[in-house]
């Protein structure tokens, strides 16, 4: 949000310095990102006077100008279309650097004629994109003076960062109101001249859905002259980067930036059959504005997928979810976002319909995002408009047009909808403020601050009944009121207290353990990512049932309106974005919170792999990641925590999360505690994110993972046996429903003194085996710590193992 000091002073009696204003704005939560002073940036450019001109002897489009400067008369070659004698202009002397292109002015020869400087345009000084001609200054400008004070550039510009909840300060008046509450100046009363209406509009206004359009107002204005707006208005808009076009357009921009209420002007002569406004959602119920007859244009949900051509010169295909303003010839505007090209105003416009309305913020935001249209109107409408000021803004705009555009005929206001009802009071107390902020204020001090901010208060003993003003849509709970009091009272007045001493406890041990988990995965080639804990509810419902308590009351955007039930959507989204950039091989992990409901929050270590493994090794052709890769990585993490995936955790295939493949994923538990899941991501999830390669992931609930003191942070001592190891291969035929992991786990524990490792190297099922059977082939490493195993020892082990497998799993040794 940009505004100038003079713009602020239109609404605020203030004598404070620019520095004091900037500091006060930041103190009350309106962070000042920058203060721009064009007079300092352009102080070397001076006023000059063109005494006379003559044609360039070698170039028809160039002129030789005799220019009066503080250093005498200089010859300057100029090709601007408006260059002429007897005008004051902006001169860049030799040695000065032009802002556009950082061009340093030198004495030059242009087509055989010397030139000793440059006459500047707005574009060259980066004041606008206007390059049609050189800047013309007022006749009373003094030659040699800095030109900025004659061109309205001695007006400091404030650039503030407005948070999404503060739509009320997207107008300079709202900023002035906050500064006044802080004690920096006095808010001026708005001067509202009475508008004498000369006719009743015959335009019929229909609104089908109050939720989509709670208030729509307009006036007809006839016989106006759409001439250029006055200098003061042009300069205000130019200083904040808004292109000036005509009186009508400039007034609508001025009202929008002054009061945060978008205004739109339609050329009434371009509306076929007159204009009428309808807002409906495929419904027969109509809320009509009485005493109007000609119904030819409608504000409605577009259900004909018609093309809409906007004033930005682009065409858009609207859907039934977009709120459109139409007449008999088609769509004339996208409600709350942008007007249509067909009914746009130009210099010859004489009759207009001036609209001020409030639209559903969520609908405006959704349409703007889908169609990728960013406008000032959308920016304000999607942050909620003060419905109680809408008609007042329309009247201010009407008065301004009447004062600029000559004697006009004005209709009565045509309106459908009502002002916003007064909010319910909240019971606030001194004790609540002290409890959550530590600030002790009297009831009178609290009431004084709130009244200055526009709140209605009523003291009942120790309780203040507080009603938020209509422009503060973000005030809903007691904490919101406390925040308002503190920001005006001053954060700098809050006394600092000594922090309690820190003691080493389980939180520190937990931190160390998580750091170790990160190092393990990083050493295996994973990249750590940190993503937002909020996500789109549309995406979230693919991963878990939506819970009412997890919706954000005041989301930054609709894409971040829900607390994530799992970290996986964020990681899968990263995979999708990387694939779009032709990055196909990925391994990511994140440690972050997931939310079951408002009362249950768990910290998860989530990892994801996709694409090829070891594809950069020149000695290997590489292979694609598979489920055993993610399982192996999870095993290493769990083993570091002092547990074992095979020995301590019961593998459970029941009730898998809906985003995993139903037959290629498993849950992992420690007793009754669910520790997480690992496996392949469901194809429907991949399709939703437009991913065409397999993804494998694990989720480990660190909150449920016990801190095992005896094991944590320690490794068993690694010893090398003095005796030879022996390897034996076995192939067992077992029933298909026997889990391979269970069999391997059993063999590992069959003879702990001899079995050092078990590796699966083949699984087969086919025509050569009986129906319902499968063959698993394993390699076992056998080694004793006290002797070399003899052939008798090995044969005895084999006989015992085969017999045990037969008894436990009804397996037979395959010949």
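For all residues, glycine too, the Cβ spot is worked out from N, Cα and C.
Positions annotated as domain 'tRNA-binding' by Swiss-Prot: 39-148.
Per Swiss-Prot, domain 'B5' is recorded for 421-496. If you take every residue in the domain 'B5' (421-496) and average the pLDDT, you get 94.
For residue 484 (Mg(2+) binding site), applying a Cβ distance below 8 Å and a minimum sequence separation of six or more within one chain yields 449, 450, 453, 455, 475. In the three-state DSSP reading, residue 484 (Mg(2+) binding site) counts as helix. According to Swiss-Prot, the Mg(2+) binding site annotation covers 474, 480, 483, 484, on the basis of similarity to another entry.
Residues or ranges marked as domain 'FDX-ACB' by Swiss-Prot: 721-814.
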Which residues, same chain and not among 474, 480, 483, 484, have a CB within 8 angstroms of the centroid of the CB atoms at the recorded Mg(2+) site?
165, 472, 475, 479, 481, 482
What is the Cβ neighbour count of residue 474 (Mg(2+) binding site) at a 10 Å cut-off, with all protein chains included?
19
Counted with DSSP (H/G/I as helix, E/B as strand, rest coil), the domain 'tRNA-binding' (39-148) has 8 helix, 52 strand, 50 coil
If you run through the domain 'FDX-ACB' (721-814) with DSSP, how many residues end up as helix, strand and coil?
28 helix, 32 strand, 34 coil
Count the Cβ atoms, other than its own, that fall within 10 Å of the Cβ of residue 480 (Mg(2+) binding site), considering every protein chain shown.
16
For residue 474 (Mg(2+) binding site), what is the secondary structure state per DSSP, taken as helix, strand or coil?
coil
